[in-house]
Amino acid sequence: MASRIAKDVTELIGNTPLVYLNNVAEGCVGRVAAKLEMMEPCSSVKDRIGFSMISDAEKKGLIKPGESVLIEPTSGNTGVGLAFTAAAKGYKLIITMPASMSTERRIILLAFGVELVLTDPAKGMKGAIAKAEEILAKTPNGYMLQQFENPANPKIHYETTGPEIWKGTGGKIDGFVSGIGTGGTITGAGKYLKEQNANVKLYGVEPVESAILSGGKPGPHKIQGIGAGFIPSVLNVDLIDEVVQVSSDESIDMARQLALKEGLLVGISSGAAAAAAIKLAQRPENAGKLFVAIFPSFGERYLSTVLFDATRKEAEAMTFEA
């Protein structure tokens, strides 16, 4: 009997399950399934690209464990994806991150031994990128992975996420719904799905408050991980059939409903993807169609955010019963 023990934690990445949404999708004429990326080793879809970008740079001879210092600007989850891979492979990692991101993300990054530099939240991801470039310029053997520009980002989704969805749905997928942060997921997985069936539609999700892809202006919003305020070079906008806008409030409410009605504790961007997919599945022309939405991350990473404000206050105010 062959051993099924993984060589290290990076071998556990991928092959996440798909599950139908039932109660929150009541009244829909189409069906909605979620790809549960919270089941990754470090609980987010970014585990895939963290591993992919480091491995790709290693194969190209651009970095070496124990010598190279990896640097990356991130809103949090990519940092975690890079952090556990860097720890397993023996790299020092410096992360720049807007100070508005959740406390959990800071703690997790520090737990993995990351050197964390917080940046002005008013400057968003652009501020984090500028700080990372400044650090890179003065760091010997520094190497920036650049998730917004690195082809290894969409490549891993083309090689793994897309095929997993195609196989998991038995090729019966009609629409793929993905929030757009770097654009790597929708570009890579979407390209693969369209190659299998040109009729598969790709739906990008962005915040109403920062609807860049729809021709709007960048603005502050509460959906951590999507709506970066610019169009990343990794994103192939030509692949996208439609951009669906959802508000921060809609996304937060849906994330809460997913916990209460589906037993799925997810982050705010999962709420955004679900809200968008349900809107699509409610359209009469989509009767009988199957939409797969990416749920990027686990809700436990958002306990200190607006998502769990009321719950946290209730929990903190509780006293024991005699």
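Every residue, even glycine, has its Cβ placed from backbone N, Cα and C.
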- Given Swiss-Prot annotates Gly181, Thr182, Gly183, Gly184, Thr185, Ser269 as pyridoxal 5'-phosphate-binding, which of Asn23, Asn77, Asn141 belongs to that site as well? Asn77
- Residue among Lys46, Lys123, Lys194 with Swiss-Prot annotation N6-(pyridoxal phosphate)lysine is Lys46
- Query: Based on the annotations in Swiss-Prot, which residue of Ser44, Ser55, Ser178, Ser248 is described as phosphoserine?
  - Reply: Ser178
- Candidate with sparsest Cβ neighbourhood (10 Å radius) among Asn77, Ser178, Thr182, Thr185, the listed recorded positions: Thr182
- Query: In angstrom units, rounded to an integer, how far apart are the Cα atoms of Asn77 (pyridoxal 5'-phosphate binding site) and Lys46 (N6-(pyridoxal phosphate)lysine)?
  - Reply: 6
- Query: In Å, how long is the longest CA to CA span across Asn77, Gly181, Thr182, Gly183, Gly184, Thr185, Ser269, which the record gives as the pyridoxal 5'-phosphate binders?
  - Reply: 15
- Query: Excluding Asn77, Gly181, Thr182, Gly183, Gly184, Thr185, Ser269 themselves, which residues in that chain have a Cβ inside 8 Å of the centre of the Cβ atoms defining the pyridoxal 5'-phosphate site?
  - Reply: Val45, Lys46, Ile49, Thr78, Gln147, Ser178, Gly179, Ile180, Gly225, Ile226, Pro296
- Task: Determine, to the nearest whole angstrom, how far the Cα atom of Ser269 (pyridoxal 5'-phosphate binding site) is from the Cα atom of Ser178 (phosphoserine).
- Result: 9
- Message: Please give me the CB contact count at 10 A for Ser269 (pyridoxal 5'-phosphate binding site), counting all chains in the structure.
- Response: 31
- Quick tally, other C-beta within 10 angstroms, Ala2, Lys46, Gly181, Gly183, Gly184; top of the recorded positions is Gly184
